[in-house]
């Protein structure tokens, strides 16, 4: 996955469009779509927040129907969450507008909105923009990846080619309000692989748990979190095991990109847990470490304060044998049932890099899990103190 971002194109049968419709005050691109020339099998996961946005609610209803998809339309700048029945109508109208232009059914179009909560969509701008979006359809992926951003500092793309030539291209957005429970976080994958929808949907929750649900920036779960994969089958039959492994790799790549681009972040925080009683406990312990303000602050200051790892693991709910527990910082053992002698200054120096890794062995089993976060800087507070003002 080393191809320069500008050169990434969508898999065969998919095209995308992006434009500045005037939703964002900045005038940057804020309305986009991805369209398939063929029906798509799809899998979806949305936020478990009880204040889920209109787009999540509608997508969930469409997902339950089992019907195929043809398109996705996204607006950035307004979340259209906590907007009542008017917000629900506006969301449906956005889908219907694109469906009409594409001559497909409204139920074949899913929607996504991201931005400020509690604001209605400027529907005159949205509908006017959607009407012209298909005129801009192209194969390049970067314009779409850029148009879905809000506080992100960079676009996020990942891609892979399978042995039969089928491709998976994934794109995501997210920088703050990141603590998914399926923070504003979107992740979409598009593939020309032919995969059975039932098998895809059956495997998807576990993949999401190990990737996007293992990311945290600030502990706040968004009203609009969602991830979806669309498969149009244009490349023909594909080995399911190979496909699912590749899909998880793309989603893992995107998850790490989201964590690294956390609001105000200067370092990616990776916590790798082993020796857990179950994968769920391993993931829970790793994620609790990544969301700890104390550990995040230590990472920002390059402080190898491993006691904050012990604290976070202890409150995670994971089973632990302290006498068998081990902790390493940047590969240096610092705890093994008790404190170890180590060169704190050298470890601190090693933490002054793009990624800081903590390895934690819980000492109770053989399960493992990994989570990603970022450091906590003064810039995070500045960004969010001034977000709407």
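Residue positions begin at 1 at the first shown residue.
Positions of Cβ are set from backbone N, Cα and C atoms, glycine also.
Computed from a predicted structure; not experimentally measured.
These come from Swiss-Prot:
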- 184: active site, nucleophile (ACT_SITE)
- 150, 173, 184, 263, 384, 389: substrate binding site (BINDING)
What is the total of other Cβ atoms whose distance to the Cβ of residue 173 (substrate binding site) is within 10 Å?
27
Validating a neighbour-count step here. Other CB atoms within 10 A of the CB of residue 263 (substrate binding site): how many?
24
